[in-house]
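J.: What follows is a structure written as structure tokens; I'll ask about it next.
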Amino acid sequence: MDTSAIIFYAIAAFTLVMGLMAVTSSKIFRSAIWLLLSMVGIAALYFWMQVEFIAAVQIIVYVGGIVVLIIFSIFLTQQAGTKMPGPSLKRIIASALAALFGLTFSFNLINHYGFSSAASQPFSLSVSDIGVQMLSTTEHGYILPFEVVSLLLLSAMVGCIVIALKPPKENVERTVAAPENITVNITEPEEENVNVNIREPLIITEV
Amino acid sequence: MSTVPLTHILFVSTALFFIGMYGLFTRRNMITMLMSVELILNSVNINFVAFNKYLYPQKADGIFFTIFIITIAAAEAAVAIAIIINLYRTHKSIDVDDATELKW
């Protein structure tokens, strides 16, 4: 076992322990902090796998964006220091059994399949390669998902603003008197069929 | 690098997935359930990157899937938090057992 393997197992243990504390802590703010540390551990795992771009994106989006958003929503919705009521013992046992069963099942499946790793050439991907392939319109380009995701982000942003807007106090109904006797000067049309789009209450007098 | 086989990375991501699933089952607070969903999405991302690195090192498809999943997860978290804040305004609580108007 060399240094790289030791680093991997340390990162994995850190990530898993932080994730476990994030889902079991009874104080919600601490839970968010453990989640943040778990995300940092996953970013370290990406660094270990030498995909530095994904690691940077992970830190920027998850640690800097989503977890901060979660912490803000905790501050907006509840007292951060109080303890949450824990789940009932029956629910804990049932959930732990379900998770353990799934875990052993998946472990067994992965272990038996084995994944004969025959990666002959080393994996190296520069950021410029990612950028070129992301925006290329050729066969292996990703321009269409890129555009679709940009539309999705725009619609999610507009939807968030609409959902989280403060509702107006009350609908004050104001009746506005319709203007009467407005004279509209229309010059004589040369052709017969001319559509003039003027709404009903206006009174049209031809000059 | 070569001393750690692919299966061990898959073990880590599987364990993270089921930790998130355990949290999703036991928590009743909407924000903590959202945290569990984030853990599950991250475990999927680890799988994509590991498969791309170990099995198809000449391609970059797993990287792109990871980027798109991170983007969609950000949008999903933002929408979920907007819904949570709106629910808190009307119910004064974000416990999922308290929001029962759509139950029947």
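Any Cβ shown, glycine's included, is placed from N, Cα and C.
These came from TrEMBL, pasted as-is:
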type	residues	note
TRANSMEM	A:6-24	transmembrane segment
TRANSMEM	A:31-49	transmembrane segment
TRANSMEM	A:55-77	transmembrane segment
TRANSMEM	A:89-110	transmembrane segment
TRANSMEM	A:142-165	transmembrane segment
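How about a rundown of where these features are and what they're close to?
T.: Packing against the transmembrane segment (A:31-49) from elsewhere in the chain are residues 4, 7-8, 11-12, 14-15, 18-19, 21-23, 25, 55, 58-59, 62-63, 67, 70-71, 74: each is 6 or more residues past its ends and has a CB under 8 Å from a CB in it.
Sequence-distant contacts of the transmembrane segment (A:55-77), counting only residues of its own chain at least 6 positions beyond either end whose CB sits under 8 Å from a CB of the stretch, comprise 28-29, 32, 35-36, 39-40, 42-44, 46-47.
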